[in-house]
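The Mg(2+) binding site annotation in TrEMBL covers ASP63, ASP375. Marked as active site, nucleophile by TrEMBL: ASP63. Taken from TrEMBL, the feature GMP binding site covers ASP65. If you look up TrEMBL, you'll see ASP65 marked as active site, proton donor.
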Amino acid sequence: MDHSARTMLGDKASKSHLTVNTNGGEKPHVWSSSEGGCQIDIGKQIFCNRSLNMKNIIAVGFDMDYTLAQYKPETFESLAYEGTIRKLVYNLGYPQELLEWTFDWKYMVRGLVLDKKRGNILKMDRHKYVKVAYHGFKELSKEDKVGTYGNTLIQDSFDEPDYALIDTLFSLAEAYLFAQLVDFRDNNPGKVPQGTDYSRMYKDVRAAVDLCHRDGTLKQMVAKNPKRYINEDTSIVPMLKMLRASGRSTFLVTNSLWDYTNIVMNFLCASRTSDGGITCNFDWLQYFDVVITGSAKPGFFHEGKHANIFEVETESGMLLNTDNGTPMPQVGNTSPKVLLKGLNKSCRVFQGGSVGHLHKLLSIESSSQVLYVGDHIYGDILRSKKVLGWRTMLVVPELEREVELLWELRDMRKQLRLLRNERDLVEDQIHHLKWALKFESLRNDEKQKMTSAVGELESHRDQVRLAHQQAQWECHQKFHKIWGQLMKTGYQNSHFAHQVERFACLYTSQVSNLSLYSPDKYYRPSEDFMPHEFHILPL
């Protein structure tokens, strides 16, 4: 077995998901997908951190934005960036030359941390050691990086209020804009509003983003032309049909309000006309038992029924009073016909509420019977897993390209390990000889011979170290020229990968990948090897 292909998300064997045919050179497939001889493309596989038997799941829920609806970063994130710039200039007093700025949607990645006070952007490993650091767009030297983040008696937690986590794709545009503002302030200190430091600039960026969402700027543009901003995925409807045919309830919980939710879900689920157009109706509701809009996640996940929940009349968008989700008589001029139609449909649509209401509506007795699929570690996955005990699946669109690159670069990664092993071996030999020179009784000719050997080994070590560093940098740039591999930093799992490992039972590149697996599948993680066992596995 090819050692490099054992670990598609890094060199840790406990994350080994793949089997490989080294003779035929075929792409690997997940252990679980080999049932019945079915092979699944490497970018569509579902990876497992914790065993999950789908036979125990009675309800499967979904987030909408960046889960069911995958936005196109080149158009949607650019739209968000431009809207935020306008708010900064026209609402918050920033100079008009910002309107000439452009957005590189490929520059930022998820898993980064913004240092609001210092204007730095960091990539950390799972132990919270800073491995890559930039001030604006200027890379910090190793000395500056260590001096700032590595010389404290108590390790920094890198949490709010001094830091901001870039943990959702929605945050990429604001992170890029923050870096631009840091450089702008450094080079033009008199052009930013007086008293504006890095922290204030970040606060202003967040305020501008919130203004864009609050006044509907972004969603109005998406609603006018969903195809320009959202990827089409014809596998979503078959996936939902498969889950419902298996006897499971399905639900949607989104922070978006009903009007926008209906437009997006129509685009994703509606059948296309011959000219590619979409007939806007409510047919997509047939694929769900309950839809909750305006959920205000992550607060939604705090169990209880103290939050107000209203039923949504789908045609008018009118909110109807309920008694914790139970229909109640309406007062005023509410039309009885509209009310009756709204309450008797197979799928009920609500706004607000909390997870307690959802459990009641779906008759869920145990949280472990729910699988929730989302894209946001903190907003969707962490809260639902840690607070409720729901089973979780994280959607990581970047994963598709990452695992394909890992497969393509398997020879380069194997060479990296060989160089690292050679470097370590030479280091051990040098230390052994130096120890002998210092503490052992040796003849002069023996000392001279060993001293010469140490010099040769040190020269060889420097050559190997240089070759290893160059190869490591080349591999790093294959994934992303600035930040490298999403799930790794150096030889450690990245902070992002650590969060995925902790809180996601399953993770995959697209929600519709569920349609490639049996709805009764038993997902199992691969064998957990101890480090010493991994090193003696046959190559």
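Each residue's number is its place along the chain shown, starting with 1.
Just so it is clear, glycine is given a Cβ too, placed from its N, Cα and C backbone atoms.
Each residue contributes its Cα atom, and for ASP65 (GMP binding site) and ASP375 (Mg(2+) binding site) these two points are 8 Å apart. Cβ contacts within 10 Å of ASP375 (Mg(2+) binding site), excluding its own Cβ and spanning all protein chains shown: 25. Ranking the binding-site residues ASP63, ASP65 by other CB atoms within 10 A of the CB puts ASP65 at the bottom.
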